[in-house]
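Database features, via TrEMBL:
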| type | residues | note |
| --- | --- | --- |
| DOMAIN | 13-217 | domain 'Cytochrome b561' |
| TRANSMEM | 12-32 | transmembrane segment |
| TRANSMEM | 52-72 | transmembrane segment |
| TRANSMEM | 84-103 | transmembrane segment |
| TRANSMEM | 115-142 | transmembrane segment |
| TRANSMEM | 154-176 | transmembrane segment |
| TRANSMEM | 196-217 | transmembrane segment |
Amino acid sequence: MALGVRAAPFTYVAHALAVAAAAMVLVWAIHFRGGLAIEATNKNLIFNVHPVLMLIGYIIIGSEAIMVYKVFPTLHHDTAKLIHLILHGIALVLGAVGIYFAFKNHNESGIANLYSLHSWIGIGTITLYGVQWIFGFVTFFFPGAAPNLRKSLLPWHILFGLFVYILALANAELGFLEKLTFLESGGLDKYGTEAFLVNFTALVVVLFGASVVVAAITPARLEEPQGYAPIPES
């Protein structure tokens, strides 16, 4: 059923929420958690790189890749497709680096790896993201499938992409919950400023993701058919 609205308002909301979420996670990591570091005697500083890269590098840049067709509806299709591919590639690399820093922190701190649902889903999500990127590259970019095959595969590419995106959002929420639970178990005030900041950041990410998904399934123009993007097969 058509919503009767254009994607543009939802992209505006998504971008505003993206800025808010990015600012909030940086304030958390730098102001409350002590900063970011590639190497440090305080291993918590190494871990802090993880949520920053996963949110800003993985989810937010990945969201921009999803919305590119709606943010620039008049952009030449091949150009939009290239931007879509590059942004998803950047998100994939930064997400992998973000996961590396979680492993680095655990290994240097003597903490076990891959023991939580958050870590299991995280590895699964980044793997599916990589599979989706390779599939999109081979099918729609180079060498490229036949036009009829691309047309038949496009809905599945869209559906699977949104599934992986929603899975990434859900896992981000698990990550916020897991980290905050650990901090509160270590004495962090459950009603303190930092706890509220983490919870509100997670809430903003939920609203941000919802805006991106609605923008993705809403037409750029009302006269267009409902769907992710009016992508030509040629």
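Each Cβ is built from the backbone N, Cα and C atoms, and glycine gets one as well.
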The answer for the transmembrane segment (12-32), taking Cβ pairs under 8 Å and residues 6+ beyond its ends, is 48-49, 51-52, 55-56, 60, 63-64, 67, 193-194, 197-198, 200-201, 204-205, 207-208, 211-212, 215
Contact count check, CB pairs under 8 angstroms to the transmembrane segment (115-142), set 52-72, 84-103, 154-176; argmax is 154-176
The mean pLDDT across the domain 'Cytochrome b561' (13-217) is 96
Given the transmembrane segment (52-72), its same-chain partners at Cβ distance under 8 Å and 6+ residues beyond its ends are 7-8, 10-11, 14, 18, 21-22, 25-26, 29, 36, 80, 83-85, 87-88, 90-92, 94-95, 97-99, 101, 129, 161-162, 165, 168-169, 172, 175, 205, 208-209, 212, 215-216, 218, 220, 228-231
